[in-house]
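Annotated features in TrEMBL:
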TRANSMEM  6-27  transmembrane segment
TRANSMEM  91-110  transmembrane segment
TRANSMEM  122-144  transmembrane segment
TRANSMEM  151-171  transmembrane segment
TRANSMEM  221-238  transmembrane segment
TRANSMEM  250-274  transmembrane segment
TRANSMEM  295-317  transmembrane segment
TRANSMEM  329-351  transmembrane segment
TRANSMEM  367-388  transmembrane segment
TRANSMEM  400-417  transmembrane segment
TRANSMEM  429-450  transmembrane segment
Amino acid sequence: MKKTERQIILAIIVCVTLIRGTMYGLVIPFDRAPDEKHHFMLIKAKQMQLRGASPDERQRTAARIEVAWRYLLYPGTSPDKYSLEQFSDRTLLPPLSSFHVYYFVAAWLLEFYSLESIQSDIYVIRGASILCGALVVVMAALIARDLFPESYFLCLGIPLFISFVPQFSAMNGVINNDKPAEFFAALAFWLLVRMNKYGFSWTRGLGYLTVCLLALMSKRTTIFLLPLSLLLLFLYLWKGRIGLRMHGVLFGAFIIMLLLGYLVLWIPAMYTLVDEHLISIPELRYLPRSLLRPELFSTVMLLHTAKFFTVMYWGFWAVFGYMTIHVHHFWYVAAAAVQTLALLGLLLLIVRTKRGLVSCEPWRVKVYYLFGAAIVFSLLIPVLRSIVLRFDMPDLTQGRYLFTAMVPICTLTLLGIKELFPPRALRVAGATALMMLFALDAVCLGKYILVNFHDISLF
């Protein structure tokens, strides 16, 4: 396929992403996605701070949000039912620091447009979310082009895969602080690929560190970039092959870093920084005991951990509303079956590479390894945050938090699928997978979202 034709197809994929995000944004009512009203109120609070608004203006804005929220939630409501006077006791939330990138940029966006109605503000911010989702797809396409310039299946399949994950599209269409974090994470992965492919330089290294910092300032779900960056540095310094010896050295380095990190946490300023901005941790004198407490290995906790990963997996694919609308179990099982096949394909690729049956450039092996590590980190850190360190009340999580690692997940999934099928059958396999994703998306919209939010069923 010619370069121009591939670019046209990729442009179509990006347009499809924008259209699908808009569709979900139009059918999902305001505040029928996780914490949407909360995020919007924080944005408005930041806007009022940037404007230097008076207390009276802040109170009127809070009242306008309450009125708009009710009319958007119940569109058939009489226009005379709610008034600003009814909500004169409402106040905006305290504005967050300008280091919270999402709220700062979104507030400036609203201040730039200076729209009259709250509804217009809501749809502007939703539009920004849709744009961020499309940029993630663009970054995925750039990564696929750098990694697999010779593979038509992977260059188009990876951005298509991301575009058609229903939960990804649904979150594209609503207000949330995940979207900029996902974009910056995808940009960091692109820079990671280019550093491994073309070599390290000051500009690439500085750009990578800047993007990682912006990702961390967007949302804490990108915290996995910290250990991933250390692993990237280790692989750069390691000149041998990726094997048992390397993992032995890596394990030793991990233990040393763990001990040094624990000692650094005894500095009050560092403890406060980590506890408030990265991951909540108990008092240091109780930390070793909480990490090794016996109940973590009990049957009850193991069952809770299994439920934790199940809910996370469901949420990655399709759990809508306030995590209450899930699709038929068939779809989750089908997705798990396909990704299990992909995992087998990756194992087959590793075996073939070790035996010399398949040649793989060293830089590409490192990228695969780093992508796999990113997935592992993004899975284990929520367990640490929600189970291990929550010794008083273990919690569950949401699958959308994995979208910051969406590019590695989709890349390795399709790479594994590609390894299982001969070239002639690959197009059929790809078309079948795309049809399944399209069917899942149609079912999510026509059978679940429209029914639960608008009492309309297309099936």
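Glycine too: its Cβ is placed from the backbone N, Cα and C atoms.
What you see is a predicted model, and the numbers here were worked out from it, not measured in a lab.
Below 8 A, the CB atoms of the transmembrane segment (367-388) and the transmembrane segment (151-171) form no more than two pairs separated by six or more positions in the chain, fewer than 3 in all. Each of 122-144, 221-238, 250-274, 400-417 was scored by its Cβ pairs under 8 Å to the transmembrane segment (6-27), and the highest score goes to 122-144. A Cβ distance under 8 Å defines the sequence-distant neighbours of the transmembrane segment (91-110), meaning residues of its chain 6+ beyond its ends; these are 38-39, 41-50, 58-59, 61-62, 121, 124-125, 128, 177, 179-181, 214, 217-219. Residues 34, 136, 139-140, 143-144, 147, 153-154, 157-158, 161-162, 165, 167-168, 171, 176, 178, 181-182, 185-186, 189, 215, 219, 221-222, 224, 312, 315-316, 338-339, 341-346, 349, 368, 371-372, 374-375, 377-379, 382, 429, 433 of the same chain lie 6 or more positions beyond the ends of the transmembrane segment (400-417) yet place their CB under 8 Å from a CB of it. Same-chain residues lying 6 or more positions outside the transmembrane segment (295-317) and placing a CB less than 8 Å from one of its CB atoms are 165-167, 323, 326-327, 331-332, 335-336, 379, 382-383, 386-388, 391, 394, 396-403, 440.
Across 122-144, 151-171, 329-351, stretch 151-171 shows the highest tally of CB pairs under 8 A with the transmembrane segment (429-450).
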